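Look at TrEMBL and you will find 6-31, 442-463, 527-548, 610-627, 659-679, 691-712, 732-751, 826-846, 852-870, 943-962, 1004-1022, 1042-1068 (among others) tagged as transmembrane segment.
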Amino acid sequence: MKSLPVLALLLWICSLFYMGILLFVGGFLLVRLEVNRTSTCADVLPPGADVKGDFCLKEPRFRRAVVLIIDALKADFTRYDPGNTSPRAFENKLPILDEMASSRPSQARLYTFRADPPTTTMQRIKGFTTGSLPTFIDVGNNFASSAVLEDNLVHQLGQAGKRVVFMGDDTWVSLFPRKFHRSLPFPSFNVKDLHTVDNGILQNIFPTMEGDDWDVLIAHFLGVDHCGHRFGPDHPAMAEKLTQMDEVIRSVIKRLQNDTLLVVMGDHGMTDTGDHGGESQKETDAALFLYSGSPLFPTPGSQMEPEVVPQTDLVPTLALLLGVPIPYSSVGQVLLPLFPLNSSLGASMSLSQAEALWINVKQVNRFLETYSNMAKDIPADGLSQLQSHFTQLSSQYLSSVSEGAPPSAELTASMQAYLNSVRETCRASWARFNPLKMAAGLLVLGLACVACFVLTELSLMVLQGSVLKAPLLSGLLAGAAVAACQLFTLGFVEVSWCFGAGALMSEVAFLWRIRRAFTRGSSSARLSVWLLLNPPLLVLFLRCASLLSDSYVISEGRVVTFLLFTLGLYIPLRLNWDGLLVPSPPSDTQKPPGLLPPALPLSTVRRESTALLVSVAILVGCLYLSLSFHSCREEQGSCQPSAFLTPLSRVQDSRVRNLHYILSVASLFAWAFLLHRWLRHYGNLNCTSVAVFTARCLLPLASICMGLHWAVSATPGDSFRNLAELISLAQVVLPRITFGLLGLGLLLLWLDPLTVFLKMRAPLNSRGTSVPPPKYRASTGVSPQAELHHLIPQLYQRIRQSLEDGGSEGDEADGRPAVEAYGLGTVYSAPLVLLCGLLGLGLLLLHAEGMAIAFLLMLLQAAAVLHLHSSSSTLSSLQSHSSVFSVPWAPVVLWSLAASQFFHATGHLPTFPSIQWGAAFVGFPQGHSGTVLPASLVTLNTFASHIMFAVGCPLLLFWPLVHEARGTRTGRSGEDGDDVVMEMRLRENPQQFSSALLQLAARYLFITGAQVLASVCAAAILRRHLMVWKVFAPKLMFEASGFIVSSVFLLVGVTLVMRVDVAVARLFQKLLPENSR
């Protein structure tokens, strides 16, 4: 078997897709250019204004401020309805806010505080400290926070000499390193921990307030957010948390002095399931509460009150109230009700509304001019209109100041309109794309799909001729040339362009070499566009075309299920159309037997037809049941997520919790039993290898530990208080033991993947004339019935051929062979099945307990697809008797669709709020010191189905051989042509084995790559669509990430097959050292 060429070609194809994705994403998901300039006191008012002294030296409206950030404080949580006699867990739990706003209207206000998406904590902190708008790609940095380089409120307060004290979410410390007078950070990533951060704040906030070593106090509570992630908003734990926050606010208000401003705010909201990150109104609408011991607001009804306050507006408002310059990059607008209608800057109290607006307008215009000169991405016509508008405002305002008259209401409204226009212009401009990079990425991905399809159809020719050297060399030269040009012309190297140029040149060189091979007639293979027009590929293209529809993406789980159902029914219908499903006697019985077309026995046809129909029935049943495990998108309205997605610890009804636990444990052990039963049936558990030890011991032990872990995790927090420490220890130890057992099993499987048992009746002899060579038989069962049913007459036909004195005289007196090999017929598939079993248990551990049923359905559905493919191949052999081991397109498309289907059937969605962050804490309830391990666990959880089907993809090649019937494959001429040698037939044809494995892997990559290309096209074409950031961009990110994960684990599966092939070769060398090939 040509292992290195196969791996090299697959790695090359994967790298082409990776580079195309990198190039397109670099042009589609742009990061906004950060302006690293800082506002100063001299920038607050223009020269020439009649101002006495410096603004920063004036007494500010408030000397101190307390900012309480209650993470995920949804606007609905703060509404109070006294008529609600049976409130839900999150209702009427914060009465203090309504009490203050209604009883003291001049001192308190409660607003809806609207965030800009993405609604993740790091982006929100950046937003309400810099006043800028986040970009889409920043969501990837949410748990790898880098320092904020732009001018921000924390920096301005420090520059003004104010002592900023922080306590709470440690994200702030990574965003603003060395910016605080004093900080008390607490770990924030562990969403299962509801109390550590909040209790740490409560121990320090009141002593700090009572002291005099602070000017601005920032406290970021996380309990409400973590409670939402763990239990959802409608849970008793949420009621306790909100009640605790009500008491905190009351206590803070009692300690406030008249010169201190209190700000209580949420950074984002949450969905009905407690998640956030998207742009639905439930996620963007938080609460903002402002309070002061002295009068702060005008009389209700005297001014227009905003219904919704954008989060960016808090930055300029707090800056001017605390007497510091507005941060340079802010595009927010001051909240006018906090400023008096008429005042004078020289007064000791505050700015007037017009003065605050003018400072705001001047700052925004200064930023706009600087940014437009640096970035050049704001449209020229829009920029010209804004500049003209500012010139007009400047003239009118300075004219009114010089005349000593207060600015008119029209001028105030015009300044507000200008600020709104700038914000909207910036929001639109920062969604601008790099068309050249996007086009280049599309071209690289498109040619990668073409090259991959060519590889699927010409795999044998590509392996026989070394066609990869020229593409690799030309790609390296092209990449180096682009890097050199960039270095000499620009002074720096942009890596994405170098990779893109190298990939593009490599693809062109490969296709050119293939074309030359055809024009020279050096290959008898056929390649035509019409090959794309077979029904399975038409199903794939229909799915790809449907990705241009947002409604399809929203309902993708059900649509993929329908496509699987349709393609599953197509296979028996096609066989029936060809007359292969129902056995029929030969039409001409008068012909001599040699002239009759080869045919299977009628009993074999009946058996295979029955097996095929049973497989279709199981497939349909699994598809139907899997719909019960889907989650819901926010756009799906009345959809209710599956109850099995809820962790057992969040299920309040004890009977339902016990039922779910029983079903989950039963499914877990059914998974382990079915794997053990299959391995035992084919004789793969008879030897004493470490792989068999893994299957016999490690797999059951890991299952038991998982069941115990689920039992411990399902224990309610208020139960068994005396055993709390033991339960906490078990939540750490049990999953880690499980991970350790599974990891050990994977390592042992790689070290020794063979599960073959050799039973010898006599010592092996070397070649010679006195002792005849032995005959070999490889049996795949342990019982006599299994031995007879899965009999392999020769251990390996090439070995027998290599012996000079072959013949029947080698049998011993009782007719039994000298060597019996158990498990040799499934020597390749058994390690793959065991690998899938181990990986499946590890991935299941990262999911909610109820997903054990979904994983069992995944196993049954995969088996149904494999048997459907096996029976179809056997029946199709009535028409085609080719010795080439080629897997048709239909089962590969089915396999790929099943991966997408179970992505949804395990509770996942292509949206950021649906990411199951709790997977990062399985076995690590206290959190992590870094981000690599939790990110890896979340990735494994999210793409579990992609991993399982990718690593098990080579089974499509082996399964028809495992279940082959006598006479269905054409062997060499002679009496041995009808021998059922199962997977040993691959060893007889190493060239075709390599070609078939390469073709299968390339076909799977083509199918998944075509879906990535379709998502890229959808994002490019619909980049101005209303739903681009809500639907198409997340779908692109998940599709690209799924392809990367799938390709990596596909290579893992292929590499294991090659590892087994090497081990089998060594086994034969050991048996016949002088005659093995």
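Just so you know, the numbers here start at 1 and follow the chain as drawn.
Here the Cβ of each residue, glycine as well, is placed from N, Cα and C on the backbone.
Long-range neighbours of the transmembrane segment (691-712) within the same chain, counting only residues 6 or more positions beyond its ends whose Cβ lies under 8 Å from a Cβ of the stretch, are 648, 661, 664-665, 668-669, 671-672, 675-676, 679, 684-685, 727, 730-731, 734-735, 737-738, 741-742, 744-745, 748-749, 752-755, 830-831, 834, 837-838, 841, 844-845, 849. Between the transmembrane segment (852-870) and the stretches 6-31, 826-846, 943-962, 1042-1068, Cβ pairs under 8 Å are most numerous for 943-962. When each of 826-846, 943-962, 1042-1068 is scored by its Cβ pairs under 8 Å to the transmembrane segment (6-31), the top-ranked stretch turns out to be 1042-1068.
Here the transmembrane segment (943-962) has long-range neighbours at 682, 825-826, 828-829, 832-833, 835-836, 839-840, 843-844, 846-847, 858, 862, 866-867, 869-870, 873-874, 885, 887, 891-892, 895-896, 898-903, 905-906, 982-983, 985-986, 996-997, 1000-1001, 1004, 1041-1042, 1045-1050, 1052-1054, 1057, meaning same-chain residues at least 6 beyond its ends whose C-beta is under 8 angstroms from one of its own. Long-range Cβ contacts of the transmembrane segment (1004-1022) within its own chain (Cβ-Cβ under 8 Å, at least 6 residues beyond either end) map to 10, 13-14, 17, 20-21, 24, 28, 438, 441-442, 445-446, 448-449, 452-453, 456, 540-541, 543-545, 547-548, 892-893, 895-896, 900, 950, 953, 1028, 1032-1033, 1035-1036, 1039-1040, 1042-1043, 1046-1047, 1050. Recorded stretches compared: 659-679, 732-751, 1042-1068; the one with the most Cβ pairs under 8 Å to the transmembrane segment (826-846) is 732-751. Sequence-distant neighbours of the transmembrane segment (732-751) (same chain, 6+ residues past either end, Cβ-Cβ under 8 Å): 690-691, 693-694, 698-699, 701-702, 705-706, 708-709, 712, 831, 834-835, 838-839, 841-842, 845, 922-926, 1056, 1059. Panel annotation: around the transmembrane segment (659-679), residues 643-644, 648, 651, 685, 695-696, 699-700, 703, 706-707, 710-711, 714, 755, 830, 833-834, 837, 840-841, 844, 849-850, 852-853, 855-856, 859 of the same chain, lying at least six beyond its termini, place a Cβ under 8 Å from a Cβ of the stretch.
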